[in-house]
Each structure stands twice: as C-alpha cells, then as structure tokens.
Amino acid sequence: MSKNYAPFIKPYMQYNEHGWGPCELDVVDVPYQPFSKSDRLGKITDWTVTQQDKKFTNKYASSFGNNNQYAYFHEEDDESFRLVDSVGSKVIKPYQRGRGFRPSVHNNPRNVRNQRGRKGNAMGNIMGPGLASITQRYGKGRDGRRNQGRKYRNLPARLRESSVVVQSDWVSVKEIDFPRLLKLSLPNMKEGEDIVTCGALDYYDKAYDRVNLKNERTLMKIDRIVHTATTTDDPIIRRLSKTMGNVFATDDILATIMCCTRSNYSWDVVIEKLGTKIFFDKRDNVKFDMLTVNETSQEPPMDEEGSNNSAHSLSMEATFINHNFSQQVLKMGAEENKFKLAEPNPFEEAGVELASMGYRYKQWDLGNDITLVARCKHNGVTQLPNGDMQFLSIRALNEWDSKAANSIEWRQKLDSQRGAVLSTELRNNACKLAKWTVESVLAGSDQLKLGYVSRVSPRDHLRHVILGTQQFKPQEFATQINLNMDNCWGILRCLIDIIRMQPDGKYLIMKDPNKPMVRIYHIPENAFDSDVSEEEESSEDKPFGLSMNN
C-alpha cells in the first residue's frame, strides 16, 4: 500500500553558518524596493471604495520613484541631448502623518494673526471701521472660521438675547441641563379625558389637497381674530379649577416645556403656586406666541433689526402666514355649515368675527396625585365618506429665501422630492415642528395638515403663494421626527415635582439663551407689574395682544 503514495522530499532550507539571517549570496538577484517609514502600510487595495481621497491622492504611494529624476524615458540615441532646465523640477512631497512639522510662513500662528490683522485693516479701509470690527469679531462665513480649531466652529456666532432680564432679587431654585432632561421618561401615559368642548369649526376644503407647483394658490389675508389667552385669563379654566385638577396650563405652554430640549432661543414661563394648585402662565407679551424661523439651523437669520429677513421680521411673517393659511383652507362664509361643539366659544365678542377654532379642555393623570387640566385646540374638521368626523390641526411652513444656507428651493423640489424638503425643514425648524406635533397629540387631532407657503419674490415679504399641502397622523409623525412622548411627559412631570416642593409664590422657568439648560427662579409677586402697565399703554400699537388680528 505504501507504494501508491508519492515520496516526500524535504524542501531546501538556507542555512547561514557565519551569521544571522539569510545568506548574502543567495539573495543577490532578489528585487529590492526602497522603503521610507513615512509610507502608509497595511492597505493593498479596496475594491469597494467609490471615490479616492481628493485631498491626498498620494496617501498610499511610495516616497521613491515619484519625482522626475527617478523616471526612465526610453529615447533614441540621437535625441538624448537636451537643454538643461534652469527652472527645476517640481518635487512631489509624500503624504506625511504629522512627522517633522516645522512652522513656516503659511502655518505659523504668529503669521496667521498678522495676516488677519492686515486683512482687517484692508477691509476697514473699504467698508469703514464699523463693519470691519464686526467682521473681525464674528468672522465672515467660512473664511472667518478657516483658521480656528474644530471645537470652536460650532459655537454661536453671537450671543443670543434672553427673553427676560434676570433681576438681582430673583432667587435661583434649580438649574437642569438638557442631557439630564433627555434621560427622563414617564411611560404608559393614557389619552386625556375630555371635560368641556367649546367653539365652532369650519370644514376643510379638499381642493387644497390638489395644490401643487403648477396649480399654486395666492395666500389671502383673513380678517379673523384668534384669541391666545393665557391660563389664568381663561374663564373655563377658572371655573374648572374650583372643582378638579391641581395643575393647569394651555397646549402651547405645555408644548414649549415638553420640547425645551430642541430649542435654541430663550423663552420663559411664569408659574404661580397657590397651595396645592399650580398655574402655568405666559407673560403679557407677544413674543411667546410668535413662531420662530430657522431656529435650529446651523446659520439662523442674522440680519439687523429692521430688515425684512431679520429674526423678528421673519417671526412676524411666519406667524401671520400660519394664521392666514389655517383659515384660508377652510370653507368660509355665512352660507357654509359649521361643526359646533358642546359650548360656544368662551372668547366670543359681539360684532367680532372669530377664527375657526375648537377648544377642548382635557385632563391627564400624571401619577403621584397630579391631575393636569389643559386647554387644547383644533383648527378645522373634515368628514369622511362613512360620515365620521376628523379633527384637524392646520399649520404652515414658509420659505423666505431659497438661496439661504441649508435650504432647498421649493419651486424645483417640492413635487418631486417632498421628502427632502420636509427633511430640511425638520433640520432647520426642529423645535417648531416638534411643538406643533405635541399640540396635535395633546388635542387628539386625527390629522396634522402642513402647508408649504413661499414668497412671490424673495424681497417681497408681504405677498405669498401656497405651493402644496401634506397631512400626517400626529402619533406617526412624532415617530418620524424622533419625538419621544414619554420623554416629553417626563420633562413636564420633573418640573412639576420641583415646583410642588417649593413654598407658595411666583416662579419662572427660563431657557438659557446661550447654554442648553433650563433655569428656575423664585421671583417677587410684582416682578412683571411694570411690563403689564407698559403693555396696556401701548396696546393700540401692538399687532396682536391677547388676540391676533391680521
């Protein structure tokens, strides 16, 4: 049987009798490749790569053989003579990994500072000392951040203003940063129970579902009043506070608190603790009811006050667009039917046309003997083919400049890439969309209608057109935008527990204008009495106070 197997022949092994390593004579004909320790080893090829590194194309190339002096040119003997190049050949430097760094004219920090100073002086001669100082202080786009470290690039370009000036007699109670708030959770929250329903709703005009870029509609100005009364000014909440609940608020106040971790701008909420009852209020100013524009964008509006594209002007524009759109898409008119709720509008006035608004007063059990009573709202109603009614929350997104940073031109992408447009809005207006979603969930709306409204001209902030509409189910939309309702309820419950442990009095919750944190202050009872008197004196000049009249 052994004859069937091939014989085993021992391989030839080199043996160096006079030293260590391979024999010198045996490796004479082995080809040798020069090696430099600056070469990157360990990567032979990558068949899955889609594109090469454009910045360092010679990252994996050898340091030897790249320059012209090592190149071989096959030429005829009679053409071997050539003139000497006095310019010199261009030396291709190998890819370096941080070794042998020496400061030079270009990378020396001192020279960078000197060049920056000379550049500022030159700009000052052209633009004047005022604009030059602003350029030196805040930089100019990418050029202003080019020579800064990575950790400084994401800092705000300028300090934001606080929504309220903290006085010296205010006592700090608590400071909670956003990472701690994001860890809170209050799961298994049940749907709120209806207590009282008030108001009348117009029916939705389904013709606006067919609006697109080729069939746009002009946005009209609707002369209707929307009341934005705070908690303690609501007659229904005053009546309910005598018999039920111990925490009272409105949906916009709750949404602001629940979505505080997504906010960048400063805001404040006043809290009054009277025994076992807690009232969440907003101050008598119009800023709380204003909609923000590009609040969470990497480059929020930075124009000066008075400009059409300043933060305040854009906020006013977005607020009026939202009001007009929410009424225009409804079937208005005396001959149109209305869906009336159990009780009339509590803010009804003689001779004043109110906007289509349905108020729903609901209560939630937050545990630990906490019963929340809040006023929520619907904007419209629609009837299904089977006869069922669906309540709507109607909101509008507005485009103010298609050429702005981190934006997509709606007139080109809205019909074909609506998902990309909405994704961009979620990135630039994450806080505003989250608050709209929370308000819809609290009210129990069946649909959240979003409208896309754009300026007729980028420089004209008074005329707008409707480019399209889109609808979502609030709970599903909350999942799409990564809005955790358990975390929202946990944040609210945490702040309520902190206030319950404090003595009776007035408190204020404020979002820090420049830090991701919420501060709680104990303030005097007459803290905002001067603001109230100023508001009453200038009530004729305000665009809207407790009511928004467009």
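Yeah, the Cβs are placed from backbone N, Cα and C, and that goes for glycine too.
Small disclaimer: the values here were computed from a predicted structure and weren't measured.
The feature region 'Disordered' is assigned by Swiss-Prot to 97-126 (among others).
Listed as Cβ neighbours of the region 'RNA gate' (287-301) (distance under 8 Å, sequence separation of 6 or more from its ends, same chain) are residues 163, 228, 252, 256, 262-265, 267, 309-311, 314-319, 322, 398, 400, 404-406, 427-432, 544, 548. Look at Swiss-Prot and you will find 287-301 tagged as region 'RNA gate', backed by similarity to another entry.
The region 'Disordered' annotation in Swiss-Prot covers 530-550 (among others).
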DSSP says what for the region 'RNA gate' (287-301): how many helix, strand, coil residues?
0 helix, 0 strand, 15 coil
Within the region 'RNA gate' (287-301), what mean pLDDT does the predicted structure show?
90
